[in-house]
Amino acid sequence: MVILSHHKRSPPLLMRLFRICRFFRRLMSSSTSSVESVEDESCSNECSASFTFDTNNNSRGNNQVNELAEETHMKLSITPTRESFSLSQLERIITIGKGTFGRVELARDKITGAHYALKVLNIRRVVDMRQTQHVHNEKRVLLQLKHPFIVKMYASEKDSNHLYMIMEFVPGGEMFSYLRASRSFSNSMARFYASEIVCALEYIHSLGIVYRDLKPENLMLSKEGHIKMADFGFAKELRDRTYTICGTPDYLAPESLARTGHNKGVDWWALGILIYEMMVGKPPFRGKTTSEIYDAIIEHKLKFPRSFNLAAKDLVKKLLEVDRTQRIGCMKNGTQDVKDHKWFEKVNWDDTLHLRVEPPIVPTLYHPGDTGNFDDYEEDTTGGPLCSQRDRDLFAEW
């Protein structure tokens, strides 16, 4: 049994017009060219366009798949960044994200003025959706991870009905929004983002953690335009393989569908899907229904447009190798094989890791708490269903 959640965005027309005006005003004042003008050049020579897109149309439905069976909890060492956070010192401003059993709000520290993303989860809904273990896993994993391309988590709180995760506010919004607005990215743009993702995956895998939910919706842009991987609800520490199906249908690896067990290879498969989607504007395996998407993945009918860069095509084919033992990134040299691929030959990996490469997109921001790059949501005035003491006990150590 699986859960399919559908997420559609549709902000008011005035907000869309406002964002379009911001886009053209900022673009006209920039001396750099637009995103479509970026050609196959070295990452260090990327043109930088500063803008805000309309982030709301043509969503692919965001089908999220997660098997109901709970997974075995794997303990991780936890070193909280800050233990002095409390909800009382945060002013909750506006909702910037919404999910099946929770939402994300922009919050401001009343003392320092700093802005944070506050993830609010309704305990009853988490339990009803049988996501208890995934929520615990996300907290434990995020508190362990410290990397420039991964969103930071600072602390957690709870009250009688909700769980809270105090996280880094990433003001650029989702990569998904920019990709849908521009329809596709140039070869060099896709390579820039892929190189930062490779660094993040290398780090995660070195800790024995599999991400399992790589997709444009989970990739945020920092104020400078660098990648920030978010939403680690499906992340898991693995010693061998796991058998739970989780992720987005378009991005599921064949071994996940076959239930033969999967490991970090699913992240490399997802990277292949992501590179293809960035350059084409849609994932390679498509269908009108989830079943049709699964059939396309299993049949592995991989087609490329004629304009697809040959080196990128070669890498995508190797990332989308059905035999996971032969998939690039999964063999003896691991991530190094990916980094040594000819598509990345112009990438200076040290410069990439240390944020010395200029991003091709710099989000438009007018002040530190600017939420113009996010969708608009109705505020929750009810707080959601009340939970029982039995539900609360599941999060006694939160």
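All residue numbers here begin at 1 and follow the chain in the order shown.
For all residues, glycine too, the Cβ spot is worked out from N, Cα and C.
If you look up Swiss-Prot, you'll see 90-344 marked as domain 'Protein kinase'.
Reduced to three states, the DSSP call for Gly102 (ATP binding site) is strand. Spatially close to Gly102 (ATP binding site) yet at least six residues away along the chain are Lys119, Val120, Leu121, Asn122, Arg125, Val126, judged by Cβ distances under 8 angstroms. Marked as ATP binding site by Swiss-Prot: Ile96, Gly97, Lys98, Gly99, Thr100, Phe101, Gly102, Arg103, Val104, Lys119.
Summarising the annotation, Swiss-Prot assigns active site, proton acceptor to Asp213 and lists sequence analysis as the type of evidence.
Among the features that Swiss-Prot reports, domain 'AGC-kinase C-terminal' is placed at 345-398, with the record citing sequence analysis.
Ile96 (ATP binding site) sits 20 Å from Asp213 (active site, proton acceptor), taking the C-alpha atoms as the reference points. Contacts of Val104 (ATP binding site) defined by a Cβ separation under 8 A and a same-chain sequence distance of 6+ are given as Thr95, Ile96, Gly97, Lys98, Ala117, Leu118, Lys119, Val120, in order along the sequence.
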